[in-house]
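What Swiss-Prot annotates here:
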{"type": "TRANSMEM", "residues": "4-24", "note": "transmembrane segment"}
{"type": "TRANSMEM", "residues": "103-122", "note": "transmembrane segment"}
{"type": "TRANSMEM", "residues": "143-163", "note": "transmembrane segment"}
{"type": "TRANSMEM", "residues": "188-208", "note": "transmembrane segment"}
{"type": "TRANSMEM", "residues": "238-258", "note": "transmembrane segment"}
{"type": "TRANSMEM", "residues": "334-354", "note": "transmembrane segment"}
{"type": "TRANSMEM", "residues": "368-388", "note": "transmembrane segment"}
{"type": "TRANSMEM", "residues": "389-409", "note": "transmembrane segment"}
{"type": "TRANSMEM", "residues": "427-449", "note": "transmembrane segment"}
{"type": "TRANSMEM", "residues": "461-481", "note": "transmembrane segment"}
{"type": "TRANSMEM", "residues": "488-508", "note": "transmembrane segment"}
Amino acid sequence: MAAFGIATGGSNWFSALALGVTLLKCLLIPTYHSTDFEVHRNWLAITHSLPISQWYYEATSEWTLDYPPFFAWFEYALSHVAKYFDQEMLNVRNLNYSSSRTLLFQRFSVIFTDALFVYAVHECCKCIDGKKAGKELTEKPKFILSALLLWNFGLLIVDHIHFQYNGFLSGLMLLSIARFFQKRHMEGAFLFAVLLHFKHIYLYVAPAYGVYLLRSYCFTANKQDGSIRWNSFSFVRLISLGLIVFLVSALSLGPFLALNQLPQVFSRLFPFKRGLCHAYWAPNFWALYSAFDKVLSVIGLELKLLDPNKIPKASMTSGLVQQFQHTVLPSVTPLATFICTLIAMLPSVFCLWCKPQGPRGFLRCLILCALSSFMFGWHVHEKAILLAVLPMSLLSVGKAVDASIFLILTTTGHYSPFPLLFTAPELPIKIILMLLFTIYSISSLKTLFRKEKPLFNWMETFYLLGLGPLEVFCEFVFPFTSWNLKYPFIPLLLTSVYCAVGITYAWLKLYVSVLIDPPVGKTKKQ
């Protein structure tokens, strides 16, 4: 995994960074894992022991297969290695099976597939402008970017403690972005098409890909003022892109189309019967909306303005994944969230079309699409913030304003999954790892932009420092108060709402910077 190196002054520092974080991942193998561990074990069993015609129908476990076909084939491939570790993990009826060999296999499968992420980071480093490079290795943008991505705290806790496979999926996305910077548009489009059929959450950033490829690849030239030169449109390029999407989709969905199972597959991929918010509210607009509704309902009950018998039984803080009704405010439907998400994305997509800024403009639009979907999407998971945090790392080493936005977004976004790791042994691990990553991120970017104005104003500094008292209250004070029994949801509510404020601020600040940036005003041949 550490084979991808960038030699600087005779030292293979990239390999050292990759090897170091790999060793840390190995040390995290015995830590707590969530129900996602059983989810993926069950998918191994389904794809290994059942014919393809039953993959999206099997429901022995509540953790049914709900990822696109490429991920199902990925699990199928892993299962043929898993059988040499413990054959019993591949039995569909062995629910909640977790032997020591199963643990080792699943943990190492995540570590091994992270090789793609390492390679993608290596390729992204090639796209970084080295003009700001300092004399010291640790002050070079490529070194800072490598550390921010390879040692990303969010990926470490979500993949290697909580348990998921975000590393190699993020690697596909970063590699696709790198190919655009390298003007290898067809390859970038192919990688993204493949990624969509691994995990459909990346549909959120598809508008950025579609508009950028149409504007900057299918149209081969601009006028002097940056507007489109309409006679430069290439039908050949458009057909080539369409062919890529068609062939990848046919390879993924073709077998299920032949089995007349596409409706069943899509019903698994888009389960709208789940509630607006996850069991733990993702820190987005709907968390603020739901928290306001919760406050109004508590006040209404205390003042006897609401009838307790008429309050919906499906509580948003019960930890259950189900549909629910808001108590005071109007309940939100999937259609409403879709419309809000679309409206939130439109300005960024409009800027990408009307104010082309090359791959960097595409990257900004991608991040805004990811954040807009996070802010207003249906049943958003708190872990989805990584979809914006990781690509934002690339912007952070380019401009001071982007570094400021990145630090606010990543610090807040990384703190928000803390409630996922609720066991005592993981408490010092998550606190120490986040502190180390946050301190490094702030200090390295401050050094990189030391000749410019401070990265934070007083309000931003005060907000970020507030995460410390919030953690102390939630972990060490609240459990010993009388409110713990009557209002057990308060720590989750406070964490979600506080982080939602920071993420909303970062989203708005990035939007402002995109809207005021001028277009690239010269003709460019792609």
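Each residue, glycine too, has its Cβ placed from N, Cα and C.
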### Outside the transmembrane segment (103-122), six or more residues from its ends: residues with CB under 8 Å to it
1-2, 4, 6, 14, 18, 22, 25-26, 28-29, 33, 37, 40-41, 78, 81-82, 85-86, 89, 145-146, 149-150, 155, 159-160, 163-165, 167-168, 170-175, 178
## Note on the structure
Per the Cβ under 8 Å criterion, with at least 6 residues separating them from its ends, the transmembrane segment (188-208) contacts 67-71, 74, 169, 172-173, 175-180, 241, 244-245, 248-249, 252-253, 269-270, 341, 345, 348-349, 352, 362, 365-366, 368-370, 372-374, 377, 384, 387
### Query
How about the transmembrane segment (389-409) and the transmembrane segment (488-508): at least 3 CB pairs under 8 Å, pairs 6 or more apart in sequence, or not?
yes
### Message
Before we move on, state whether the transmembrane segment (427-449) and the transmembrane segment (143-163) share at least 3 Cβ pairs under 8 Å, counting only pairs 6 or more apart in sequence.
### Response
yes
#### Entry: Tertiary contacts of the transmembrane segment (368-388), as residues 6+ beyond its ends and Cβ separation under 8 Å
152, 154-155, 158, 162, 164, 166, 170, 173, 201-202, 204-205, 207-208, 272, 274-278, 280-286, 321, 334, 337-338, 340-341, 344-345, 348-349, 409, 413, 416-417, 420, 496, 503-504, 506-507, 510-511, 514
